[in-house]
Each structure stands twice: as structure tokens, then as C-alpha cells.
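Engineer: Can you read through this structure? Questions will come right after.
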Amino acid sequence: MAADFPGLNTLGLSIARTDLEVDGLTVPHSHPRASEILFVSTGLVIAGFFDTQKKLFLRTLKPGEVFVVPQGLLHFIINYGDEAAVIFSVLNSQNPGVAKIVDATFESDEEMIDKLARKMKSAAAMELEEDGIQNVSLTEFNHVHTQ
């Protein structure tokens, strides 16, 4: 983030690199003070976010493609390919903040991450079309994101 990259100081931006092993995923999280643009450098990933109406938006991304996550929305990335994936993110805040869903539960991080990974991968496999974004009802995710 900006604190680790002095060249970004005072520019109102943060940058991050995410390396995902095969079948790896980022824990669902949000950035309360920033929108995020994801750029896939290598690998095949599924990026997704939940909107304020509890709908899941998913997209399969290949190298060179981007995905935008609006400010404050719960989002995640799953490595859907057969090689490691590298994703670069740019956030429009020097201090975007991060809120992880596992921090708001009473289950251990490992148990919660395992459950989320299974549900996200099964939803992605059932509902994702190669050529576009799908709106998926959140019936399987009601316990994950409630307001």
C-alpha cells in the first residue's frame, strides 16, 4: 500500500500485488474508503463482489483484463486456472482501509475461510458464463453478508 511505496505519498493512491496459488483465494473483504481496480497479470481468476442488494457479480478474467470493485463492497478473487495467478490492484485512496469478513465471526479463520472457499467456488462454477457478468441471487451467501 502507500505506506510501503513512498512514490505514492500524497497522490491519493495505493497499489497492491496479490499472488494466488492454484485454487487460492482472497478472503472476502471491503475497502471502506476506496474503489479498487484489479489487473490480472498472469493466470485465470474469478473476481466478484456483492452489491448493496446482496447480489453477486462475477467475471472470469484472463491476463490483461481488469475488474472494478466499487467503494465499500465485499469482494474476493479466486484462482480458477491451473497455474499461479498474479493480480495488481490500484485503489483511489492513500488509506483505503480493509474490513475482512472473518474478523466479524466467531468461527476460527481457517474454518470460515474453508466454508467460504467451498461456497464461492461452487457458486462460480454453477453461475458463471464465459462471456459476461452474471447477477446471482445470494441465497447461499445470506450468512456471509447481511445488513
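Just so it is clear, glycine is given a Cβ too, placed from its N, Cα and C backbone atoms.
From TrEMBL, for reference:
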- 3-114: domain 'Cupin type-1' (DOMAIN)
- His29, His31, Glu36, His75: Mn(2+) binding site (BINDING)
- His31, Glu36: oxalate binding site (BINDING)
Engineer: Among the binding-site residues listed here, His29, His31, His75, whose Cβ has the fewest other Cβ atoms inside 10 Å?
Structural biologist: His29
Engineer: DSSP says what for the domain 'Cupin type-1' (3-114): how many helix, strand, coil residues?
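Structural biologist: Looking at the domain 'Cupin type-1' (3-114) with DSSP, the answer is 15 helix, 47 strand, 50 coil.
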Engineer: Using a Cβ-Cβ cut-off under 8 angstroms and a sequence gap of six or more, which residues of the chain neighbour Glu36 (Mn(2+) binding site)?
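Structural biologist: Non-local contacts for Glu36 (Mn(2+) binding site): Val68, Val69, His75, Ser89, Val90, Leu91, Pro96.
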Engineer: With the Mn(2+) site defined by His29, His31, Glu36, His75, which remaining residues of that chain have Cβ atoms positioned within 8 Å of the Cβ centroid?
Structural biologist: Ser30, Ala34, Phe49, Val69, Leu73, Leu74, Leu91, Pro96, Val98
